[in-house]
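Here's what TrEMBL has on this protein:
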- Cys90-Cys100: disulfide bond (DISULFID)
- Cys189-Cys199: disulfide bond (DISULFID)
- 22-121: domain 'SRCR' (DOMAIN)
- 126-214: domain 'SRCR' (DOMAIN)
Amino acid sequence: SLSVSSTKLIECSTNSFSPDSVRLVGRAGLCSGRVEVKSNQSWASVCEADFDRQDAEVVCVELGCGAPAALQGGLYGEGEGQTWDKEFQCKGKESLLLDCDTSDRENNTCLPGNAVGLTCSEPDDVRLVGGDSRCAGGVEWYDQGEWRIVGTQDWEQEDVAAVVCRQLGCGSTVSVPPGDTTRGVEVICSGSESSLRECRRSDDLLPGLTVICSGNNKKHFQLISFIHTTSSAPLMMTV
């Protein structure tokens, strides 16, 4: 008889995966909900016992979200369809869940209330670089796997700067000094948006925008603590 061994999802001949092979459902927004994977054109929920923090990191990255913030069985209800019958064994560095190894699990049932729910943090897709703090520097936004320079017309600078400072929690705009000569993709904001994702973009390449916000004037360091709780409580990661 064959022993249980790790296999690649992409190598499984009995299951065909679409590019859209993982989703979070049961909550508004892309970055939180019950974990479901797609196989043979149907969606299956994932049992809590088959999914851990490293698996969650891969899902959050694949969906373009931030780091995992909560992970718990039953957090977003039960799925109406089938339950995924494999245990994920991600290393946390994969870019797609289907790139992770899987293995058959010993117990082939998933008890009610154990469909795993995941909350990822919102994507941190804007940054200021080259300044003396996290609230000053050239504006870059993260898109399609890479950081891109944000460019603006002269008359658009104040509106875009206001949105950037607001999104980063850096207060209001202090100044918009002359930017980098490197050109970036044009972003057009009204100034009232909560993030650059709500602004319009064009294919025009314009001079890069540099912003100084009124917020934190010291280098910013994130301290992340992982709190292990009982199986009936979520794993929280607090920033």
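Glycine is treated like the rest: Cβ placed from N, Cα and C.
Caution: TrEMBL annotation is automatic and unverified by curators.
Owing to the predicted nature of the structure, the values given are computational and were not obtained by experimental measurement.
Over the domain 'SRCR' (22-121), the average per-residue pLDDT in this prediction is 85. If you take the Cα of Cys199 (disulfide bond) and the Cα of Cys90 (disulfide bond), they are about 35 angstrom apart, rounded to a whole number.
Of the recorded residues, Cys90 (disulfide bond) and Cys189 (disulfide bond) place their C-alpha atoms 39 Å from one another.
Neighbour density for Cys90 (disulfide bond): within 10 A of its CB lie 21 other CB atoms from the protein chains shown.
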